[in-house]
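According to Swiss-Prot, the ATP binding site annotation covers GLY332, PRO333, ASN334, THR335, GLY336, GLY337, LYS338, THR339, on the basis of sequence analysis. According to Swiss-Prot, the domain 'Smr' annotation covers 710-785.
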Amino acid sequence: MNKRSLRVLEFNKVKEILKKYAYSSSAKKLVDELVPYDNTYEINNSLEESNEALEILMKKGNPPIEGLCDIGDILQRAKKGGTLTPEQLLKVLGMLTATRRMQEFFKREEQEVSFPKLEDLAYILAPINDLEKEIERSILSEDEVSDNASTTLYNIRRSLKEKNSSVREKINSIVRSNSKYLQDSLYTIRGDRYVIPVKAEYKSSVPGLVHDQSSTGATLFIEPMGLVNLNNEIKELMLKEKAEIDRVLSALSLKVKMNAEHCESNLKILTNLDFIFSKGKYACELNAIKPMVRDDGIFNIMSGRHPLIEKDKVVPLDVVLGDEFDTLMITGPNTGGKTVTLKTVGLLHIMALSGLLIPASSNSSVSFFKEVFADIGDEQSIEQSLSTFSSHLTNIVNIMEYDNRQSLILFDELGGGTDPAEGAALAIAIIENLSSKGAKLIATTHYSELKAYALNKDRVENASVEFDINTLRPTYRLLIGVPGKSNAFEISKRIGLGKEVIDCAKNYMSKENLEFEGLIRNLQEKSIIAKKDARDAKVIKDEADNLKKKYEQKLERLEKVKDKAYMEAREEAKKIVANAKDEADEILKAMRELEKLGIGSGGRQRLEEERKKLKDSLEEKEKNLYKMKENDGEVLEKVALGMEAFLPSLNQTVVVISMPDNRGEVQVEAGIMKISVKLKDLRKTKQSKVEKVKKKRELKLHFSKVENRIDLRGLDAEEACYRVDKYLDDAYMGNLGEVTIVHGKGTGILRKAINDMLKRHVHVKNYRLGGYGEGGDGATIVELK
């Protein structure tokens, strides 16, 4: 697709926003390279991936992509036999960990919803657990190899620790015995050797090797002769340590080389998943949907919103093309929102053809176009003025040179910038030429000649942007089938231009033009009323559908709660009955034992009788557990709002929130649920009191963007704990599986306070200190329930 249209329609700005949602630099690079696909298969495949990512984000939260970075160059170095540094190995570890976690993330129970596109990608991932564990065991940080990397390294470092301890003991003794010759009663290290600061004039009093001197020459750093052998031994151990570290790094690098192909494959898949989830996150921010993609030149964008206009300012628009007409002529005054319409249609098509979900209603469709041309002006934003006539014409000439059979062409002020009569004639000729080649066109203009052309020409339709004459502002709603008008006389009158001047101006217009403008005004008014009625009807229908759906869901939940409560109560009662039987049997058994000893035979007979009575009573109670006692209690003959009543079928007290209807049904509240029941099914409670009816707030699910990381550095422990508590609540409601709490290393006070709080927090399943790439000891990784 031509780069000019991508720039003019501001697709690059969309990609800059999209990049913010990508984690890795390699995924950001894929965003930079994103352009519309040239076939419907790739378009639909990419849209389905984006839609699956959106659904996964809403159901499972963010994927575990942390730690992923572009290690392509590192893998190439390993493949060539190079030795990797600890920092490079940790980056490889980050990719290996992300691979394992990502595959685990996509594991699901058989009954759970499947996401075939992304699950297939995750299935190809090949975790390399042995290499991951070995790097994790061997590398501590970007510049430190762990003692556990090898037995040899462990032994060398243990010897080093012992030697250093011996040297420190000896040098402390030397410092104490020679303190009068020293600048300071301490020791230091020069060139990996322990030395003491001797005053220059006492050089001969402290025998040893001079390693350095101060800038003034007043102090000499001398290695006492008694430490030379010990220092030599330490130096030898340090050389052995370095050699062993080099061997460990070389061995790990070799294993990376042996697994390089798997690593490259995993990196490619993870990068692709990172890219796809960035599209899902952006779609979530836009409240976007997956449109249907047609290949017949027909599209139907419903409630389409420009993604770069602020949410509280954007006005949704409905645009159709290709079915009843192939050219849409949008007329009306300047600054009326015509350019916004063009840019919205063009940008939403480019987004959809690039695999991005679009901000529109769920019944929207776009069409596959090989080219989208936009003659709106290179530097013109939505608020800027129009280009010149020559600039327009140059762009039009370039557009007409293409094969336009599968093209969407957007013209802003077609024929503008020159004599109105000539401009209108040129505009009609251009439309005729492009239409004959099979192009789909949307053009804006304020020429009356083009309105008349659209009225008389087949497959060409008028449209206008609604204008509020009271506020002198456009509403930006598109009215298809109604040509626009300039509203010059109405605007002049509202601003204060004299009536005699306006009447004089009207006299200079032909009677036909005045009648035509009047007809347009009537059409606009009727169209506006019809659109408003349609919108109101849709709102009412949507509300009715939502209420019906909520009622059905609540009824279903109520049935489940009722059944569960009944079964639990029955099981509990059965346990009580069984326990009572067991106790009676135990007592009887004890009496039998006493009888064998000749004690209490009369008591046994009485106990047997009592046991039988108890058994009969318990069996009768057990039978009654299976019956619903719906007739218990006195029937209510009348009710009042807020009255308490007993509903036997639920075994629960409810509150009456409506009077009986013509079917004898009342609405009651049972907990958070509202249900309708027959008045005759309600029973009086011990005190059927009238309570003030409390309106329950409806629970609505909002997918809000909760960050998976909170930074507490700089806060005191009390403030940090307060923020973490609120953040964990938000993260739990946002369905995040794992979050990162950054508290820094410092003195450890803040970390201890946070950990103490996490131990008893209701939403916390597990927590641990961060690993490499997760913040180390300066961060805590929390797994939520």
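Cβ from N, Cα, C; glycine included.
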Candidates LYS338, THR339: member of the binding-site residues with the richest Cβ shell (10 Å): LYS338
Per-state residue totals over the domain 'Smr' (710-785) - DSSP helix, strand, coil: 31 helix, 19 strand, 26 coil
PLDDT averaged over every residue in the domain 'Smr' (710-785): 83
GLY337 (ATP binding site): tally of other CB atoms within 10 A of its CB: 25
Three-state secondary structure, GLY337 (ATP binding site) (per DSSP): coil
